């Protein structure tokens with residue numbers, strides 16, 4: 001139980017922040033290896049990094065210099081995934097800045113640092129410059145694996161500090177898993193100004209470009225991010241299929257939604273498991289003590305007084321013993337009687 005309480009305190013007093021490289025000032029932040037950042041906490045976290053939530057234009061600029069993830073995160077006004085290469089398990093196989101219309105409230109976040117270099121910057125971040133005093137141990141985990149810890153706090157909303165809503169137990173950054181909902185998706189797709197793959201896409205998607213001259217091309221052909229322009233597509237229903245590309249047809253889907261497991265339930269289950277283990281150990285120990293065999297000591301009473309004490313314990317057992325006596329019955333006629341009878345018969349025969 002003491003170990004369980006210790007683990008509970010540690011889980012509540014420590015935050016791990018996994019961050020990526022900066023691309024045109026934009027970077028991704030993940031808390032404690034799962035979707036666990038609210039929109040208010042996202043703004044506070046970016047502020048602690050001396051940054052802000054990026055706008056759509058800033059996210060598109062980051063995409064153009066090579067920024068992509070497989071994790072939903074907050075930007076200004078949206079929840080998005082930036083994708084350059086299509087992947088059936090990331091952003092439903094779409095590319096561009098993929099917008100999610102969600103019915104849940106906790107994801108990762110993206111931040112924008114205006115003082116970062118205009119291209120890619122993978123310099124390690126060592127601290128939260130705008131964090132204030134607090135009891136929480138905040139650990140920054142950079143992409144190269146370096147870790148830097150400090151005591152402090154960055155959240156200002158009491159609901160973010162002591163959440164009452166459960167969070168999704170998801171996987172770490174860059175994983176193939178992502179969140180899927182029953183709501184529709186809006187797509188901010190990017191493409192070449194004079195070409196767009198109209199025939200290879202689903203019929204529900206609407207395409208447009210500056211020339212209004214769509215040219216059919218293979219879906220697998222690559223488009224350099226720097227040559228892309230911003231295009232808005234209509235809402236699309238979140239289907240559930242395998243995302244195959246056979247014969248030029250492209251069927252996409254969102255992954256299965258993971259069940260929501262609150263942190264307090266995980267901690268409670270750990271404590272109950274620990275208590276159960278302790279109870280089993282106590283029961284086994286008690287059974288061993290109660291199950292010890294008692295030795296039966298039989299004394300014939302010839303020893304000293306002290307030696308005869310055990311025989312008193314077994315007195316009842318000795319009283320229950322039965323003595324069996326064998327009694328030899330004598331025959332009704334003695335040998336002398338047999339001899340007299342024989343002589344009488346002999347005399348009668350002589351006469």
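Placement of Cβ uses the backbone N, Cα and C atoms for every residue, glycine included.
Owing to the predicted nature of the structure, the values given are computational and were not obtained by experimental measurement.
The Cβ neighbour count for residue 72 (hyaluronan binding site), using a 10 Å radius over every protein chain in view, is 26. The hyaluronan binding site annotation in Swiss-Prot covers 34, 71, 72, 98 and is backed by similarity to another entry.
Swiss-Prot lists 204-213 (among others) with the feature compositional bias 'Polar residues'.
The compositional bias 'Polar residues' annotation in Swiss-Prot covers 334-351 (among others).
In the structure as shown, the Cβ atom of residue 21 (disulfide bond) sits within 10 Å of 19 other Cβ atoms. Mapped onto three states, the DSSP output places residue 21 (disulfide bond) in coil. The disulfide bond annotation in Swiss-Prot covers 21-122 (among others) and rests on sequence analysis.
Annotation comment: Swiss-Prot describes 46-111 (among others) as disulfide bond. Cβ environment of residue 111 (disulfide bond): 26, 27, 29, 45, 46, 49, 51, 52, 53, 54 lie under 8 Å away, each six or more residues apart in the same chain.
Under the DSSP three-state reduction, residue 70 (disulfide bond) is assigned to coil, being neither helix nor strand. Annotated disulfide bond per Swiss-Prot: 70-90 (among others), in sequence order, evidence recorded as sequence analysis.
Taken from Swiss-Prot, the feature N-linked glycosylation site applies to 18 (among others), supported by sequence analysis.
For the recorded site, residue 50 (N-linked glycosylation site), the DSSP three-state label reads coil. Sequence annotations record features per position, and here Swiss-Prot assigns N-linked glycosylation site to 50 (among others).
Neighbours of residue 93 (N-linked glycosylation site), defined as other CB atoms within 10 A of its CB across all chains, total 20. Residue 93 (N-linked glycosylation site) falls within a helix when secondary structure is assigned with DSSP. Taken from Swiss-Prot, the feature N-linked glycosylation site applies to 93 (among others).
According to Swiss-Prot, the N-linked glycosylation site annotation covers 103 (among others), on the basis of sequence analysis.
DSSP assigns residue 113 (N-linked glycosylation site) to coil, not to a helix or a strand. Residues near residue 113 (N-linked glycosylation site) in space but far in sequence (CB under 8 A, at least 6 apart, same chain), listed by position: 22, 25, 27, 49, 50, 51. Annotation source Swiss-Prot lists N-linked glycosylation site at 113 (among others).
The annotation O-linked glycosylation site is assigned in Swiss-Prot to 173 on the grounds of similarity to another entry.
According to Swiss-Prot, the feature N-linked glycosylation site maps to 250 (among others).
Feature annotation from Swiss-Prot assigns phosphoserine to 286 (among others); the stated evidence is similarity to another entry. DSSP assigns residue 286 (phosphoserine) to a helix. Summarising the environment of residue 286 (phosphoserine), the number of other Cβ atoms within 10 Å of its Cβ, over all protein chains shown, is 10.
Swiss-Prot lists 311 (among others) with the feature phosphoserine, giving similarity to another entry as the kind of evidence.
Taken from Swiss-Prot, the feature phosphoserine covers 320 (among others).
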Pairwise CA distance, residue 122 (disulfide bond) versus residue 72 (hyaluronan binding site), rounded so that it is a whole Å: 21
Collapsed DSSP category at residue 122 (disulfide bond): coil
Site of maximum Cβ density within 10 Å, from binding-site residues 34, 71: 71
Packing count at residue 90 (disulfide bond) (other Cβ atoms within 10 Å of its Cβ): 24
Taking residues 34, 71, 72, 98, which bind hyaluronan in the record, the widest Cα spacing (Å, whole number): 20
